[in-house]
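Structure first, then comments.
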Amino acid sequence: MQNTIRIIGIDPGLRRTGWGVIDTLGNSLRFVASGTVTSDGDMDLASRLCQLHDGLADIVHGYKPDEAAVEQTFVNKDAVATLKLGQARGIAMLVPARAGLPVAEYAPNAVKKAVIGVGHGEKQQIHMMLKILMPKAEFKGNDAADALAIAICHAHNRGANRLRQAALAG
């Protein structure tokens, strides 16, 4: 008998970190909640990272997910922005890991492929597919929608990930 698995998807960002929580049972997906954790751009970097940490910790504590998935960082031409995003991503991975959750990572194109069928697509396509896959899904903005897409990507890939880990271990 299968158990429901609760997954939190996290789309890291220094200004806004999106989060989305879904329940999975077999191939079925159920929307639970989504939103964003924001940091105050007028504060110093360390304080902003603390805001992200505390906000995500509250979400993880409140929704009690079983597993987490975080989007990988892409490198752009602005090295400083990339480093700051990497620090926010570290928080996004640390919070669920400290709560004892396994944390998976997915490239942005893998997330898009899992949700819309191709690795390159527009935000509107993701929004549309989220509503098709989970008609009761509510999300305000791209960050929360992306986080739900990351959770769905993990739901589709978690079985393959477990098999891969078992093969490497044994």
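Positions of Cβ are set from backbone N, Cα and C atoms, glycine also.
As annotated by Swiss-Prot, active site applies to D11, E71, D143. Positions annotated as Mg(2+) 1 binding site by Swiss-Prot, on the basis of sequence analysis: D11, D143. Feature annotation from Swiss-Prot assigns Mg(2+) 2 binding site to E71.
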Neighbourhood of E71 (active site) by C-beta distance under 8 A, where only residues 6 or more apart in the same chain count: G9, I10, D11, P12, R89, E105, Y106, A107, P108, V111, D146, I150
Neighbourhood of D143 (active site) by C-beta distance under 8 A, where only residues 6 or more apart in the same chain count: D11, G13, R16, T17, G18, T36
Number of Cβ atoms other than its own within 10 Å, given for D11 (active site): 28
